[in-house]
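According to TrEMBL, the domain 'Peptidase M28' annotation covers 73-266. According to TrEMBL, the domain 'Endoplasmic reticulum metallopeptidase 1/1-A TM' annotation covers 335-555. Residues annotated as domain 'Endoplasmic reticulum metallopeptidase 1-like C-terminal' in TrEMBL: 569-645, 676-783. Feature annotation from TrEMBL assigns transmembrane segment to 292-320, 341-366, 372-398, 410-431, 437-456, 468-491, 511-533, 540-562.
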Amino acid sequence: REYLDNLTAIGPRTVGSPENEVFAVNYLLEQIRAIERESTDAHKVSVDIQRPTGSFSIDFLGGFTSYYANVTNVVVKLEPQNGAEHAVLSNCHFDSVPNAPGASDDAVSCAVMLEILNTLSKSSEPLQHAVIFLFNGAEENILQASHGFITQHEWAKSIRAFINLEAAGVGGKELVFQTGPENPWLVQAYIVAAKHPFASVVAQEVFQSGIIPADTDFRIYRDFGNIPGIDLAFIENGYIYHTEYDTSDRISTDSIQRAGDNILAVLKYLATSDILAKSFEYRHGNVVFFDVFGLFVLAYPARVGIIMNYITAAVAFFYLSKKVLQPKTRVIHNLKKLFTAFGLALISWVCTLATVLIVAAFVSVIGRSLSWYTHFYVSVFLYGTAAAAKLILVHTLAKKLFYKNMNEQYLGDIFFDTSLMIWTVALAVITRLGLCSAFVCTFWVAFPLLTKLMVHKEFSQKGATMKFVMMYLLGMFVPYLYMMYLSWTVFEMFTPIMGRSGSEIPPDAVLAGLIVVMTMILSSYFINFIYLVKSTKTTLITLTAVFVVTLILVCSGIFFPYSADKANPKPKRVFLQHTSRRFHDLDGNVVKSDSGIWITGFDYNGISHITPHVPEINDTIRTPCEEQAPFCGLPWILPVHFMFRLHVIFVLLYRKIDGYCTSACGCVSIGVPVSAGPSHMSLYVRPHEGSALSTWSLGDGTPVASVGGDYFVFYSHGLQASPWRFWVELTAPEKHSHGIVSLAIAAHYFFGEDQKSPQLYALLERLPNWTFSSGWSCTYDLFVF
């Protein structure tokens, strides 16, 4: 814990700042040297400071190119005295986002790695392979330092596997949410060695789908190093991730101890394993893995899972076929009844989804979005009760109007078979798509089918007897309990993300949709009870009453989205950039300039909740897009423009506009030197109509366009970086009197005396205490060539 406290005491560690490049590096070196002095003769400790320069393109956030210069890596190799040919890598990053202490992301992982290095180095037992500890100093700059290490450092060639330590929350259990690619032996190693394993292939497939707007160094080692690995992250309390509240005192000692026990055990297992040296032989194949209520992890080869899934689906189809074919004279009748029930189930889902989404849209339109952000139970009472009530109502009406005077037991039986058929089809389709998460569907086919076979006689008896109900609930216990456990994990990860997912996607619609899906899943084998019980009136009245009361309370504004509670803060994220802009013509003359504070609310509510506290920040000062400029003439630090509404809040401080001038320019190859800039800059390129960007000196030479067609380059440097020189090459038409390309560069001052202007300081002071405001100064210059 001492390591963690001392690292975070340095303060925010932004790339390029003395805190990151000097103080944090010196502290790490001081601790590593102390550990080296106390190491046993069984080990050799080597330390290297790497400051790489490089460039690469990445399809994250719509696609952009990254360039870095002199970023810092602190690399330690622990190996036997006679050396080692193979190595396993453990990676953390000690840098943080601006204005945040970064305790969980990712100082705690670096503290854990220091302690593991200390423990292993003091062991008298020699290792078979080397363990490389990479303390990388530029991860928050979109994975730059790890790229510099894996593509340029001489030790990188010996690495056969890696463990990446990350965070998407503060404390709790560290979840294995990515493995591979392929290399199932790594998952097996984790399960065998880890003392408290916690892993899910569902989390892996959700994360790799791109739904979650985040990425880790795992991608770099996988894509640029072709190395398999394990990605772990703390996921609890994501509300304060990347905020000033991410302090060391919020991370429990138990969380640190648990992570240390797990990672130490896995690293030691890999460093003493024969498989690491021969990992190439075991690289093929995927694995299905999931934890059982956080107690232990089950894993088996994906090919075994496919066989199990298809066998389960075949048995279920055989059961359903037998039901349909008996008696043979009523096959058409039975099929008609089964597909009619399926149609009703589909109608009930569509009606439920539509109703709940209408409620979510209404709540969003009246300005009550995210009412559940601080009080999650509000979303259950509002959308969960609406979903359940609508589902029950549709089937109750079907029972009274469509299935009037039909045998209740027959209806209960046919709707059970309908749910079984739906899950069986889902199991077959998801397995065919190659998704390992199909094991969840296997639960929902196998256990209900076994339950049905066990209580078959009770199904034919009149009324839902207590014995039948108890046996039925017992049989359904495993899939329902697991789905509720999985649902809670999903909501724990996704709910905080809604507070930083931009202003384009209505979070209430997203959460309402998730709740509807969970309601449909959890109700799938209880729809038949609607047809078995005499009346659903009491249930409907209760659900409707809870929904109506909650809706009234939400509309009244009693559930404020954000919280400044010191023990459990849930802040609103706001970025404020004091921006000075200059727009140049073909001759280099400044034809327009202005200065103002650009305000970005990172959730759907925008700045609506801030206006009552700071009246001059309101919708009337929205600034339109500068159509002639790339990225609307705004100094985006990352290409996330597609996540936010087109018009932006810009508190204008001054503006000057002169006449535009034009002249001819026949250049198609443009060299640009950039010097005396801060550690973070953004380059924006837009070829004019008829022109095309063909190549440049960045990345692999192939320009990668961002969403919208403009090109974005993210630049950062550590200490003592040389001027940034690059060139771009374009194809252009013969006549281009208005130029062939617009090129803009923004400079971001994230630290030091230039970070905040007096005007920015004054505005930050007026923001309410339930906001987390990250403010900095920046310049934007547009040129036409």
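Cβ atoms here come from the backbone N, Cα and C positions, even for glycine.
No curator has checked TrEMBL annotations; they are predicted automatically.
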- Stretch of maximal Cβ-Cβ contact with the transmembrane segment (292-320) [cut-off: under 8 Å; candidates 372-398, 410-431, 468-491]: 410-431
- Query: Within the domain 'Endoplasmic reticulum metallopeptidase 1-like C-terminal' (569-645), how many residues are helix, strand or coil going by DSSP?
  - Reply: 10 helix, 28 strand, 39 coil
- Note on the structure: Across 341-366, 410-431, 468-491, 540-562, the most C-beta pairs under 8 Å with the transmembrane segment (372-398) come from 540-562
- Item | Region pair the transmembrane segment (540-562) / the transmembrane segment (437-456), three or more CB pairs under 8 Å | no
